[in-house]
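J.: Got a structure for you, written out below as structure tokens; questions coming shortly.
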Amino acid sequence: MSTLREDAAPVEVIKPPGVWTRTRRGRTAILYLLPSIILFGVFVFYPMFRTIYLSFFLTDQRGEAAVFVGLDNYRYLLESAAFLNSAKATILFVLYTVPAGVILALFLALIANEKLKGIGFFRTIYSSTMGVSVAAASVVWLFMFHPSIGMFNRFLALFDIGQIQWLLDPDWALFSVAISTIWMNTGFSFLILLGGLQNINEHLYESAKIDGAGYFYQLRRITLPMLSPTLFFIITISLINAFQSFGQIDILTKGGPAQSTNLIVYSIYREAFVNYQFGTASAQAVFLFLCILVVTILQFRFGERKVHYQ
Amino acid sequence: MMKKWRFGLLMVAAFVMLMLAGCTNSDPDAAPEADADTGTQEVGEQQEAAVNEEGKVEIEFWHAMSGGGQESLDAIAQGFNESQDKYVVNPEFQGTYEELLTKLRSIGGTKDAPALMQVFEIGTKYMIDSGYIEPVQKFIDEDSYDISQLEENILNYYMVDGELYSMPFNSSTPVLLYNKDAFREAGLDPEKAPETFADVIAASSKLKTDEMYGFSMLTYGWFFEELLATQGGLYVNEENGRAGNATEAVFNGPEGLNVFRFLDTMNKEGTFGNFGTNWDDIRAAFSSGKVAMYMDSSAGVANAIESSPFEVGAAYIPHADEVKRHGVIIGGASLWMSKGIADEEQQAAWEFMKYLTTPEVQAKWHLDTGYFAINPAAYEEDIVKEKWAEYPQFQVTVDQLQDTEPSVATQGALISVFPESRQQIVTALENLYQGADPQQVLDEAVEGTNRAIEIANQTSQ
């Protein structure tokens, strides 16, 4: 903004403009931004500040701030084994879902990018999970994981492999939820990555072919660098989504067994809407916000260097 | 890139400043509004009754009954609306008990609150303390309504300090359901269900096969409360919270430990099947022959019999060997009336409550859903007798309730933080099944519950 003003200044050298005139551009800008400022303000910033405010209080039965406790809610969280466990589960969940999900979607996008007859059918199938709501998908997975009538255990039984308590064994539950989450997110990532692939200029591949480059060489030197902005976007979004997973946890495990899938968002929900402790719930929310903020900043700082913008 | 960064930072800073300004402006405005709201409700200002075009008083009835329960309830409300010409009751499904309570918390005490609402039994203390409700005792006294016609053991739960705050409605108790065919195969007497913890443990090891576990229990706090109560154990101090505000949980005493050891023994022997926290899962496990005995709600008995391809037996829940059976606590929900609404609307709610407790309506309700009739006269109705002849298991559930000895243990605990405490029990059970020490997990659950009680007591002053 400052450069613009300097450009404009020499024209009216004779009379220094008043404050009103000088801020004209700024005011116009604000006017254009007003709709989004209002919307963000009401739906994002007000709730955010309210959350921070509540995190310093204990709330009463109606959810109103009742007793000011300063940083006690945060202190309690950091000492609470349950919360540390939630934090650990969340990090594990992110590690399970993000790399696997992105690689799977990338693989599907690469094979669906080939020009073959009937490829439209496969593209539709691969992106179809996007059209399934988290709740519906979770219910389907719930049946597949079912301990007595589930598909997976019947399948294992065919090969005489021992039964797995997919959602009831604390060692497996997080993994099971992660599998279903990867499946749910694949459609969206696939679609975005395919869009990215289709945007890559054909001439690049033609020139490479003339130079005698093989498929994998092209993949490494043309496709991935050209796709990097899209990949960066997908990784960021997947990461944030993984941190905020809720629906599948609520339906598949309700945070159990033995808290092994009690991710932070779920634990916030339970603290706020089952236990009505909006104070500690808000403190957890602030903590999660800070985590995502740090991760995203780190990603922009280090990840974006590898991104090639055209 | 640096430029982009700086621009972004500028924008963020601008937003933050704007929002801070916005907040400081809006907060003082918001506060008096809230005060005004609570003000009207405290005074109980006269409200206009909602009257429809036919001149009838119309009230909303929030409930949490889905499936068959919802159909039955809709039919009952329709029956009420047709039985008289002054009032109309509109039942509205609001999700699970927990979801209904969450919605109620946000509009309770305002004019948008429904005149009539169904709240689960463990919300009783919360509702009384909330100040949103009009005790039905007021109408019972004004109308000289005879509550002695209602089931004593159900009233016992809902009577607090000798007053009835809400009208009991759908009530259930736990029962032990077992697979009679599996009992025969294992050489056990199918007509004689195990009665004590030791009996259950012994039967489980006989019933255990490669395909089938002996015993299972839903990982749900309610069952623990019941197994505790049937030994006469208390959940919280101050006489289970009935003599005063409870300040401490006491369920980690010898009775609680009995329950956890009972489960731990079978779990270590490999005869206990863990089917998680979902009702449908454990029911599916039973009817598909993966477990031979489990505990269900009396409201689930009819369904278990119908969906199982074998003969199903029902029995009293087991108790520890060294104590006699005390009986069961009532579960389910009751109906509450809003305060601060028009007198006619309260009257409508009261008339509907009275209609609900008539033997005919209760007979229908009992048969449709498997919940108890709160009016035992319903059991004398012909349709009930016919059904009982067909399903003698129903009779067992009613006998178990009527055999219950009234005491503070079987009255059930009164605390406002029950949902949270149940969550603590679930975690304790799950840790137990992973091999943790029974006493240790119970102590942790008590600690968690105590913190919740302490916060609740601290913030309600």
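First residue shown is number 1, and so on along the chain.
Glycine residues also receive a Cβ, built from the backbone N, Cα and C atoms like all the rest.
Okay, these came from TrEMBL:
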{"type": "TRANSMEM", "residues": "A:29-49", "note": "transmembrane segment"}
{"type": "DOMAIN", "residues": "A:87-299", "note": "domain 'ABC transmembrane type-1'"}
{"type": "TRANSMEM", "residues": "A:91-112", "note": "transmembrane segment"}
{"type": "TRANSMEM", "residues": "A:124-144", "note": "transmembrane segment"}
{"type": "TRANSMEM", "residues": "A:172-194", "note": "transmembrane segment"}
{"type": "TRANSMEM", "residues": "A:224-243", "note": "transmembrane segment"}
{"type": "TRANSMEM", "residues": "A:281-300", "note": "transmembrane segment"}
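Would you situate these features in the structure and describe their surroundings?
T.: If one looks beyond the transmembrane segment (A:91-112) by at least 6 residues along the same chain, the residues whose Cβ comes under 8 Å of a Cβ in the stretch are 119, 122-123, 126, 174-175, 177-178, 181-182, 185-186, 189-190, 193-194, 196-197, 219, 223, 231, 234-235, 238-239, 242-243, 245, 261, 263.
Within its own chain, the transmembrane segment (A:172-194) has Cβ neighbours under 8 Å at 89, 92-93, 96-97, 100-102, 104-106, 108-109, 112-113, 123, 126-132, 134, 137-138, 141, 145, 164-166, 227, 230-231, 233-234, 238, 241-242, 245, 248-249, 252-253, 256-257, 260-261, counting only residues six or more beyond its boundaries.
Only residues 6 or more beyond the boundaries of the transmembrane segment (A:224-243), in the same chain, are considered here, and those with a CB under 8 A from a CB of the stretch are 90, 93-94, 97-98, 101-102, 105-106, 181, 185, 189, 192-193, 195-197, 199-201, 204, 264-265, 288, 291-292, 295-296, 299, 303-304, 306-310.
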J.: With Cβ-Cβ distances below 8 Å as the criterion, list the same-chain residues six or more beyond the ends of the transmembrane segment (A:281-300) that contact it, or say none.
T.: 48, 51-55, 73-74, 76-77, 83, 86, 235-236, 239-240, 243-244, 264-265, 267-269, 271-272, 275
